[in-house]
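If you check TrEMBL, you get these features:
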type   : residues  : note
DOMAIN : B:39-161  : domain 'FUZ/MON1/HPS1 first Longin'
DOMAIN : B:200-295 : domain 'FUZ/MON1/HPS1 second Longin'
DOMAIN : B:325-424 : domain 'FUZ/MON1/HPS1 third Longin'
Amino acid sequence: MSHENSPRNTPGGASVSAASDTASQSTAPAKPIQIKVVLLGEAAVGKSSLVLRFVNDEFQENKEPTIGAAFLTQKVRLDDSVLKLDIWDTAGQERFHSLAPMYYRNAQAAVVVYDITRASSLDRAKSWIKELQRQANPDIVIALVGNKLDLASDSPSANSTSTPEVHDDAADTEEAPGDAGDENSESEGRSRQIATATASSYAQSAGLLFLEASAKTGEGVVETFTEIAKKLDLNKIAMTSRGARAAQLNSGNVNANLLSEAGFAADGSDGRTRANPDNCAC
Amino acid sequence: MDANGTIQNAQRHTYSLEDIEAEERLEDFHSPEWRQQSRHFLVLSSAGKPIYSRYGSETQLSTLMSAIQAIISTFADMSDPVKSMMVGNYTMVFYTNGPLYLLAVSNSMDPDELLRGELQLLHSQIVSILTSAQLTKIFEQRGNFDLRQLLGGTEGIIDQLVDKMGIDFTFSLGSLDTLWMRYRLRDRIGKALVNARAKGVLYAMLLADMKLVTLMRPRKHSLHPADLHLLFNMAASRTFSTGEHWTPVCFPKFNDQGFLHVYLNYITPSVALILVSADRDSFLTMTECRQRITQDLSTDDSLLRLEDAASQRALRPYELGVTGLLQLYYRHKMLVQHFGTRFEESIDENQQRRIINTYKRLRLYMTKGGPNPLRIMYHRTATDTVLAWQSSAFELYATVEPSMDVKTMIRLVNTVLEWIKNEEDHLFVINAPSY
């Protein structure tokens, strides 16, 4: 079910899920509306796994941690429009934090993920949400998503899935950044620590969409993106997107400060010839 | 010291890949499994905080790390830094660089220089994740900082480097491993990289299983092979297998103070495209560049043929037109490139490690041999017959059937050299495109 249509060789290509298959054929050839979505959240909460489930309908046990950020696309159909979701899946590690604004800048939607079995991850999610509300596009649609629902004993799906202990091995190798005093011991993180009501009432007060999901079973994953799509002001986005895209293109110019920052200045301290900005990038 | 006793009593043991998984579960350095590893690599901060250990959990190793820190700082206080120690069969080599202390422990009778070289590469790997500037700053501000917070998520990449150093000659050769493929196809692909180049793309390269397909670079600059080894090691991580990726990477030999930005995408199941830029906001430019490259290579069957070449893996020894050859490396000195064959199928993993280890030692003797370096070295034991040979143009390392006599071996090597001469265009990246 998953591998045949996983568009590994053609990222950004026409990866269309079963749900949206018909969009390309039947309806009028309306140009897809491009939506930038960013995923944020603590390390090892399952951001990449949610995206992989949504885009390729697959799940990898022991997924390697994301490095930097990964970019994937998926088309979805909503009523008469086709949306092309440009999804930025960011790394949760602390050292990438300073890069985050690059990904949520101009984003129309954000999925902030926590792990329902790790209390600290909701705090991290809340601080991401604060940052988004302060610094991101004021119209941004934010969804708070509690992942690893398959590990919750109160979830109906818990009965059908086995071996929860292999679910998040990645968590064992990743320290929760920033809160060394509050060690998440590894024996924790195996059962629910965050009640649905707690997160839900927070989400309501902060004006967020709220869902619980499991990348492993697929529960709630498509719903997350559908709910976001429904909440977007598509008319407004369609109107402004052309201008925004042009602006994005312009920001692709190499600027001289960055070049010198990266070592293209002619200091030659290690004795090797360095390219100078005049003849390397232009 | 407790650690000494531990190491002294340990038995000689070479592990197989099947063991690794079981052993990784054992966290405690008192456990026999931990002690039996033939190669240990440890990293700690100058304050004695654990940063990395190939085996076991760093937290469980904190007593050991403190002991190491004590040894290093005791000698440092006497302004006579400790370089290495012999304990029973084990060699312990120390390397300190700024706020980081690194230690290698090996029971393979490795010369100190070899292990120190590997520790330097391990150090570079950490720098490539964080930059020297950041490392220095962090420890200046907080000497007691737990660096694992910042290295989180990269353990897999560091482990992979350490493991590869043990079984792959590439890192010691200090040159680039190249993919054997048709010259015309490589040339065609190189042109596609140049044609698709956009402003801001500094380097573009294609990579299959850590072997270089081709590389586009500025006319007046090339990246140091050690920097590329680290990049290729990173690119081999499974995390990149789906989607397009964008991440800052520091190239320590190029500039250890700052980041370049790397675009990475597997354009076929086995082939990764890597684009390097100085501008962290240039992802869009990179992804458009990738589209042009794949579109171009899809107009004919180039992409398919590339995947075909990439999925073939390395040459088998008999494909070099000789019998009795078990494994061979050939390093082209001028191009700073090399290729290696697979091992003959009968060679088990222990023997492979032993042979690679022999190569490393022979190379060390040949290249660090003073004003009149050795040209030819012949190494023969009951099990291994190895020849190392360097001229002004090449270095060659060959393992042959143990029973083969010297005369036959020389004849074999000459035949191989003839074959390489004929195949040179296909073995190496001869006309790497520049702009």
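Any Cβ shown, glycine's included, is placed from N, Cα and C.
The structure displayed is predicted, hence computed values, not measured ones.
Secondary structure by DSSP for the domain 'FUZ/MON1/HPS1 third Longin' (B:325-424): 38 helix, 30 strand, 32 coil.
Secondary structure of the domain 'FUZ/MON1/HPS1 first Longin' (B:39-161) per DSSP, as helix, strand and coil residue counts: 59 helix, 30 strand, 34 coil. Averaged over the domain 'FUZ/MON1/HPS1 third Longin' (B:325-424), the predicted model reaches a pLDDT of 94.
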